[in-house]
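Per Swiss-Prot, the features are:
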type    : residues       : note
DOMAIN  : 109-316        : domain 'ATP-grasp'
BINDING : 135-196        : ATP binding site
BINDING : GLU286, ASN288 : Mg(2+) binding site
Amino acid sequence: MQVLIIGSGGREHALAWKVAQNPQVDTIYVAPGNAGTALEHKVQNVNIGITDIPALVAFAQDKAIELTIVGPEAPLVIGVVDAFRAAGLPIFGPTQGAAQLEGSKAFTKDFLARHNIPTAAYANFTEIEPALAYVREKGAPIVVKADGLAAGKGVIVAMTLQEAEDAIQDMLAGNAFGSAGSRVVVEEFLDGEEASFIVMVDGENVLPMATSQDHKRVGDADTGPNTGGMGAYSPAPVVTQDVHDRVMREVIDPTVRGMAAEGNTYTGFLYAGLMIDSTGAPKVIEYNCRFGDPETQPIMMRLQSDLVELCQAAIAGKLDQVESKWDPRASIGVVLAAGGYPGDYAKGEVISGLPTQESAGQKVFHAGTETQGDQVVTNGGRVLCATALGNTVLEAQQRAYQLADQIHWNGMFCRRDIGYRAIAREQAK
């Protein structure tokens, strides 16, 4: 069996690594992939960009690809799933219409309101003056979001009115995020603990994946600007069984039903970014129409079921006939980033200390890497994700940092506290 994975990040490396464990799979093509996927057993990189949909379709037809899994959001929002389905090619992901849940924050907030799904109070703006008037009326802290895709960086949590006004000016007048910021969503600041709740959806049935928690801020103790994610762990202890049941009942099920009722039947991975308050009540912060990055890395370390079988069941509309099995241990992924990220950073730095053989329960997933000759060099802001399993979150953290500390390049940095909330919970018991 031949499988195609679209993307080049740590998420796609983790998906490829997992798919390779299926004995029926002969070759996994990753378009365009990275240095890590190139070195993986059964995996080949293909030099096709993630938004070159005609080339992706032609390649899948040429290689008789039996399953395509889409990693990032950009190809989904421009209709890669629609194009593959039109060509009769099996693909797991949402259609262009369904991917609006991530592609437009204003669409999402209006959808949540229509279906009484809990979320922060908000308003949408395309003009500066009404937006400024709204934040002055509401006061800080307040959240300002670019409407479109901004690689996870289009969200400003403004702790002062000045920060909120600057963000609105930047997005609506300064064009800080291009067309993604030509409309902004301003919403109330939510208190609580965040969790990533990822499920597989076949249009009707839902199969929950393991819970996780992402660390968005660049600095220790959640300081500094937002990033695409500096690390993650699974499971997220904030999601107790009660919270899990509430999320399914109050958020996931009405979302899947609502999308179907509106003619945008949802298939694919659905990721709800949630804020859980002190009473265990969830509110939706955002939806992503794909697996999170870096959450995929620790989640795939824990997944014991066959990912190919789960995706095929979903494509066939039979998710109610399968179940997912999980390693009971905790897993942590620590992102190793290029100096300057999430701002400007250098590329082409030579990476040393990468592990030469696999050790059980530890894995370095590649993201912004490429090979030059026999060297692996940096090629992005988030470069690697050192991931490990442990009997406790603390043990998983220690093993992940043990792996991370062997690796070096000029300017490398990482957060030193990934998993701190879960570790504090463990130690309080």
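Using the three backbone atoms N, Cα and C, a Cβ is placed for every residue, glycine included.
For GLU286 (Mg(2+) binding site) paired with ARG183 (ATP binding site), the C-alpha to C-alpha distance reads 16 Å.
Across the structure, VAL135 (ATP binding site) and ASN288 (Mg(2+) binding site) are spaced 26 Å apart at their Cα atoms. If you take the C-beta of VAL143 (ATP binding site) and look for same-chain residues 6 or more apart in sequence within under 8 angstroms, you find ALA120, VAL155, ILE156, VAL157, ALA158, VAL186, GLU187, GLU188, PHE189. Looking at ASN288 (Mg(2+) binding site) and MET159 (ATP binding site), their Cα atoms lie 25 Å from each other. For MET159 (ATP binding site), applying a Cβ distance below 8 Å and a minimum sequence separation of six or more within one chain yields ALA140, PRO141.
Here the binding-site residues are VAL135, ALA167, and the one with the most other Cβ atoms within 10 Å of its Cβ is ALA167. Contacts of ASP191 (ATP binding site) defined by a Cβ separation under 8 A and a same-chain sequence distance of 6+ are given as MET275, ASP277, in order along the sequence. GLU286 (Mg(2+) binding site) is surrounded by 17 other CB atoms, counting those within 10 A of its CB over all protein chains shown.
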